[in-house]
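**Q** Pasting in a structure now, in structure tokens, and then I'll have a few things to ask.
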Amino acid sequence: MSIVIIAVLALSALALTFGAVLGFASIKFKVEGNPIVDQIDGLLPQTQCGQCGYPGCRPYAEAIANGDAINKCPPGGEATITALADLLDVEAVPLDSEHGESKGKQVAYIREDECIGCTKCIQACPVDAILGAAKQMHTVIVSECTGCDLCVEPCPVDCIDMIPAPSGIRDWAWDMPKPPVSSGAIIATDQNNGMAA
């Protein structure tokens, strides 16, 4: 046999052996996640903003599962606190003012005529929602922006504002009809009953 064939067979045998060992190890030493952490993480807004004091939503979910307060997430607001309270069967408490205030869903807006193209906001964005290049105008992809507010601080010319997120069909806020405000309003059946008496 040729030396090349022997080398190929030897390497194939090694690859097969290492593959089997790695496959066995992945099954034997598999780490199961905590299902309550997954449920808590699913309720958090996934802005990865760090306003809660943790580097992202997953670490905060782990902290909540270990007994930390549920009211440290300003982007989630009261709705998230209520959902977490229902899940964990604890009392819903108001948002902790130390971590900010709930402002509803917001997105970053770059005043493009003032942008100097420094790329500091791009580097700060945890979800790559800002487009631009060095010495070029930057802009925000609204559908990707989580409203974490991390791009505002590093901007040297203060050309980034946080504005309310535009509403679409999925999150449209419809006004409920208001009842008529008249004292002593009578409906037709009441009026007819009163006449018959």
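Along the chain as shown, the residues are counted starting at 1.
For all residues, glycine too, the Cβ spot is worked out from N, Cα and C.
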**Q** Which of Cys145, Cys148, Cys155 shares the [4Fe-4S] cluster 2 site with Cys115, Cys118, Cys121 per Swiss-Prot?
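**A** As annotated by Swiss-Prot, Cys115, Cys118, Cys121 share the [4Fe-4S] cluster 2 site with Cys155, chosen from Cys145, Cys148, Cys155.
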**Q** Swiss-Prot records Cys145, Cys148, Cys151 as [4Fe-4S] cluster 3-binding residues. Which of Cys125, Cys159 is assigned to the same site?
**A** Cys125
**Q** So which other residues, same chain and not among Cys125, Cys145, Cys148, Cys151, have a Cβ within 8 Å of the centroid of the Cβ atoms at the [4Fe-4S] cluster 3 site?
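**A** Close Cβ neighbours, site residues excluded: Ala108, Cys121, Ala124, Pro126, Val127, Ala129, Ile130, Val140, Thr146, Gly147, Asp149, Leu150.
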**Q** Let me know the most crowded of the binding-site residues, choosing from Cys49, Cys57 and counting other Cβ atoms within 10 Å.
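**A** By the 10 Å Cβ neighbour count, Cys57 comes out on top.
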**Q** Compare the Cα of Cys151 ([4Fe-4S] cluster 3 binding site) against each of the binding-site residues Cys49, Cys52, Cys57, Cys73 and report the nearest.
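**A** Answer for the nearest of the binding-site residues: Cys49.
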**Q** Beyond the listed site residues Cys49, Cys52, Cys57, Cys73, identify every same-chain residue whose Cβ lies within 8 Å of the center of their Cβ atoms for the [4Fe-4S] cluster 1 site.
**A** Leu44, Pro45, Thr47, Gln48, Gly50, Gln51, Tyr54, Gly56, Tyr60, Lys72, Pro74, Pro75, Gly76
**Q** Among Cys125, Cys145, Cys148, these being the binding-site residues, pick the one whose CA is nearest to that of Cys57 ([4Fe-4S] cluster 1 binding site).
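**A** Nearest in space to Cys57 ([4Fe-4S] cluster 1 binding site), counting only the binding-site residues, is Cys148.
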**Q** Are any of Cys49, Cys52, Cys73 (the binding-site residues) within 10 Å of Cys125 ([4Fe-4S] cluster 3 binding site) when you go C-alpha to C-alpha, and if so which?
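**A** If one measures from the Cα of Cys125 ([4Fe-4S] cluster 3 binding site), the binding-site residues that come within 10 Å are Cys49.
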